[in-house]
């Protein structure tokens with residue numbers, strides 16, 4: 001197991017290095033410049049480019065950035081008066097992580113409940129309704145849901161704030177916009193796996209011994225059903241990360257997604273690089289944690305080298 005963990009950590013660093021390298025060169029190949037302001041003369045643009053090292057050769061820029069990165073230096077922003085990149089990112093971490101956490105918690109809990117009910121009431125009105133709602137929630141993009149929720153619940157009926165970040169009430173609509181697709185995905189998987197588990201010989205044997213339905217569901221069937229749920233956490237986390245890019249802009253939330261979009265619009269290379277590395281790191285770590293959790297939930301798949309070996 002230790003050997004497997006070490007190998008996974010090495011893969012994490014290799015993936016981050018490759019991601020950083022590809023992103024760096026893609027940034028340099030993007031059309032335009034951070035200093036394309038028409039108010040700047042060519043001389044002023046040359047001075048600014050020299051100040052930030054943009055007149056260096058591309059390989060030199062890459063190795064300078066790599067050297068600074070190993071020292072924990074993400075550089076300074078081109079658009080925010082020489083502010084350090086991390087000083088821009090740090091205050092935006094909490095809103096983004098809160099929205100992501102709220103969306104995942106809401107989506108997973110409601111998805112499990114809906115999936116279990118649908119499986120127990122298979123082919124009932126509840127089951128059919130749940131299936132239809134799940135398909136709609138998965139099919140409709142999160143930004144479309146966000147606009148609809150914002151219009152009906154904030155503009156028309158004024159139940160929640162239109163936007164901004166002013167406490168839990170401001171988090172409700174973004175959480176719903178991101179979390180409903182998670183709810184739908186989890187519900188479909190839980191329903192499918194629960195139906196299969198409930199029809200297995202093991203569950204039928206336990207049921208024949210007179211075990212109450214509640215204990216049968218939560219102590220036996222649901223635990224086995226949680227295994228495939230772990231395997232779909234990765235794409236759900238990815239959808240949450242990418243969804244915040246538009247959701248935070250729609251609801252004017254000062255988070256990482258909002259900063260990322262602004263940085264792309266202004267070609268703020270250091271901020272784009274830092275946020276790309278941060279998103280990549282979070283995604284890679286989530287993959288690592290899923291592998292660990294998979295073994296904890298089902299001891300049968302714990303092997304000396306991990307479930308993939």
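Cβ atoms are placed via backbone N, Cα and C, with glycine included.
Record features, source TrEMBL:
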- 93-290: domain 'ABC transmembrane type-1' (DOMAIN)
- 9-27: transmembrane segment (TRANSMEM)
- 99-120: transmembrane segment (TRANSMEM)
- 132-153: transmembrane segment (TRANSMEM)
- 165-190: transmembrane segment (TRANSMEM)
- 226-251: transmembrane segment (TRANSMEM)
- 271-297: transmembrane segment (TRANSMEM)
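165-190 is the stretch from 9-27, 132-153, 165-190, 271-297 with the greatest number of Cβ pairs below 8 Å to the transmembrane segment (226-251). Counting residues 6+ beyond its ends, the transmembrane segment (165-190) has Cβ neighbours under 8 Å at 95, 98-100, 102-104, 106-108, 110-112, 114-116, 118-119, 130-131, 133-138, 142-143, 145-146, 149-150, 153-154, 225, 228-229, 232, 236, 239-240, 243-244, 247-248, 250-255 in the same chain.
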